[in-house]
Amino acid sequence: MPVPQQQSAVSVQQIKMGSEEPPSGKQTRRSQSNCWLLQRRQLDNISTVLAEMIATAMLMFLGCMGCVQNSVFTNSDFQSALNFGFVVLICIQCFGCVCGAHLNPAVTLATYVYNMISLPMALAYFVAQMVGAFIGYGLLKAVLPESAIYSTENPNGVCLTSLNSTLTPWQGLAVEFLITCVLISICCGVWDPRNATKQDSVPVRFGLAIACLSLTAGQLTGASMNPARSFAPAIWNGAWDDHWIYWVGPMAAALVTSVIYKHAFRRELDESEADETTMSTKRTSEADLA
């Protein structure tokens, strides 16, 4: 009787061994899975960068179109400022879920300081923003008559950021630095973990903030706060007077403000605070449904 038991045990073991997948097959399947994940990640990155480029092109095309002013098209500083705010709102609403809709190298620098984006991705964002701004302004020049681009009100080109004649370059630099500090402070506040559940109105908040800052400093420096926004009109029109201000001011402001906010004001939520925030959000949603 013991012999049949041994034979059955051996046969069962042989069956199990036969049903198991060879190690080479497992490795092949694992490598295929890793390859698929890598391709998916690469496609996601391409989609993100492409969305950032389109969003920046949209910012330049629609924003600068709203700045056209000549004997035929009436305009005002108030209208231009409000228009740029609304365009930022549209861009964030369309592409914020895809790429964050930075639209601005200064904002991208702040996200890198905040450890929200890697250095290679930050560089990709920068290239996308510059190319998008170039395309957006070029499209504007292609669809509008020359009289709308160059006029008595805008002899060097529409939407070109320039200093008010009463300001010195250093005063202009200070203005751009300070208003960009305000913009980056708003960004850091939105990114703060304590505001993680308060994201529904972000496009409206940013749009109104841009409109406010443009109304405040638009007549002084053009209220650029964005190197890409100043770069595209400058390169298309060959106007480089005081252009360095619109790089040094916003980028320095982004670096300084994000570092200060990150180390002085940003706080991580502990588990109890996170649970309380989640429950509060759930109660609010239930109340809205009721």
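Backbone N, Cα and C atoms are what each Cβ position is placed from, and that goes for glycine too.
TrEMBL entries are annotated by machine, without manual review.
Per TrEMBL, the feature compositional bias 'Low complexity' maps to 1-14.
Annotation comment: TrEMBL describes 1-32 as region 'Disordered'.
Among the features that TrEMBL reports, transmembrane segment is placed at 49-72 (among others).
Beyond its flanks by at least six residues, the transmembrane segment (84-104) meets 47-49, 51-52, 54-56, 58-59, 62-63, 66, 111, 125, 129, 202-204, 206-212, 214, 225-229, 250 of its own chain at Cβ-Cβ distances under 8 Å. Under the heading transmembrane segment, TrEMBL lists 84-104 (among others).
For the transmembrane segment (116-140), the list of distant contacts is 45, 48-50, 52-61, 64-65, 99, 102-105, 108-109, 149, 158-159, 191, 228-229, 231-233, 235-236: same-chain residues at least six beyond its ends, Cβ to Cβ under 8 Å. Among the features that TrEMBL reports, transmembrane segment is placed at 116-140 (among others).
The transmembrane segment annotation in TrEMBL covers 170-191 (among others). With a cut-off of 8 Å between Cβ atoms, the residues of this chain six or more beyond the transmembrane segment (170-191) that come close are 106-107, 110-111, 114, 116, 163-164, 199, 202, 205-206, 209-210, 213, 216-217, 220-221, 223-225, 242, 245-246, 248-250, 252-254, 256-258, 261-262, 265-266.
The transmembrane segment annotation in TrEMBL covers 203-224 (among others).
Under the heading transmembrane segment, TrEMBL lists 244-261 (among others).
Through the fold, the transmembrane segment (203-224) approaches residues 77-78, 80-82, 84-86, 88-90, 92-93, 96, 160-164, 167, 172, 175-176, 179, 182-183, 186, 190, 230, 245-246, 250 of its own chain, all at least 6 residues removed from its boundaries and within a Cβ separation under 8 Å. Remote same-chain partners of the transmembrane segment (49-72), defined as residues 6 or more beyond its termini with a Cβ less than 8 Å from a stretch Cβ, comprise 79-80, 83-84, 87-88, 90-91, 94-95, 98-103, 124-125, 127-129, 131-133, 135-137, 139-140, 144, 147-149, 151-154, 158-159, 228-229, 232-233.
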